[in-house]
Amino acid sequence: MTSGAEAVLFWCLAPLMVVAALGLLFARKAVHATLCVVFVMVCLAVMYVALEAPFLGIVQIVVYTGAVMMLFLFVIMLVGVDASDSLVETIRGQRLVGWLLGLGLGAVLVGVILRVSFPEGIGLEAANAETNPVAIARVLFGDFVFNLEVVGILLITAALAALTLTHKQRLTARVGQKERADARVASGESLVPLPAPGVYAQRNAMDVPALDPQGRPIEASVSRVLRVRGQERQAPVDGEIANQSEQGPRVSGSETQGPQGQVETGAPVEPPEDPSPASPPPPRTTEEER
């Protein structure tokens with residue numbers, strides 16, 4: 001026998017669960033149907049906890065409610081949000097067959113409910129003598145082990161079916177490195193690596209475009225991120241480049257360092273200072289010659 005509080009809780013939640021279940025059947029959108037199912041499962045979990053079955057209540061929320069949300073994601077991926085019901089029957093007579101199968105299932109359920117006989121209740125304290133999870137495990141893996149295996153096979157089949165439906169066949173052949181190289185050679189553009197930023201320029205900073213031998217800036221030598229942000233510096237004009245080429249490269253360092261002198265990043269390169277010519281020796285006097 002249940003207490004008065006449990007009876008009040010049942011009569012408060014049962015009508016709401018029935019309304020939510022009907023909303024699942026007649027909802028036109030997948031989002032509304034999913035919310036109705038979540039409401040029914042949460043109410044059912046509250047009833048389990050009220051009947052001193054906390055393990056079932058927790059499993060109802062964690063497993064089944066989470067599974068419904070995953071089902072919602074599958075529906076969104078497979079059907080789409082903007083999908084509408086088709087008013088044209090793709091298979092002739094499918095609506096009639098659906099009504100007949102539904103009526104037959106309802107008749108079977110009504111017959112089972114009317115003929116069922118419940119044994120005398122022993123109370124939850126006796127049923128949960130070994131704690132609620134242990135009692136449930138004995139029932140599932142003892143009396144209903146075959147049914148549990150069938151449900152597991154059904155879930156695995158559903159998962160494989162979802163993977164098969166979401167798989168897309170490749171319409172074109174896969175493009176590899178060899179195919180990309182062939183296409184690049186066929187196009188005739190940029191067959192050699194692009195120059196680094198600052199080549200043939202006044203500065204060697206990464207935001208300064210490189211220059212080709214004719215003095216024109218190469219935009220591809222600067223990072224695309226800098227170009228999109230507008231942080232690319234303007235290259236000098238052709239006249240300045242020509243004057244610089246006549247003066248020769250400006251490097252700093254000793255003569256022993258060769259052409260690869262020290263270059264300061266982001267600053268113009270200064271020319272080396274010319275050493276002063278040595279003074280001629282003084283003429284010798286007559287006494288020194290003697």
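Just so it is clear, glycine is given a Cβ too, placed from its N, Cα and C backbone atoms.
According to TrEMBL, the compositional bias 'Polar residues' annotation covers 242-263. The compositional bias 'Pro residues' annotation in TrEMBL covers 274-284. Residues annotated as region 'Disordered' in TrEMBL: 232-290. What TrEMBL lists as transmembrane segment is 6-26, 33-51, 57-84, 96-118, 144-165.
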Residues of the parent chain within Cβ reach of the transmembrane segment (6-26), under 8 Å, 6 or more residues beyond its termini: 32-33, 36-37, 39-40, 43-44, 46-47, 50-51
Within-chain partners of the transmembrane segment (144-165) [C-beta distance under 8 Å, separation at least 6 from its ends]: 74, 78
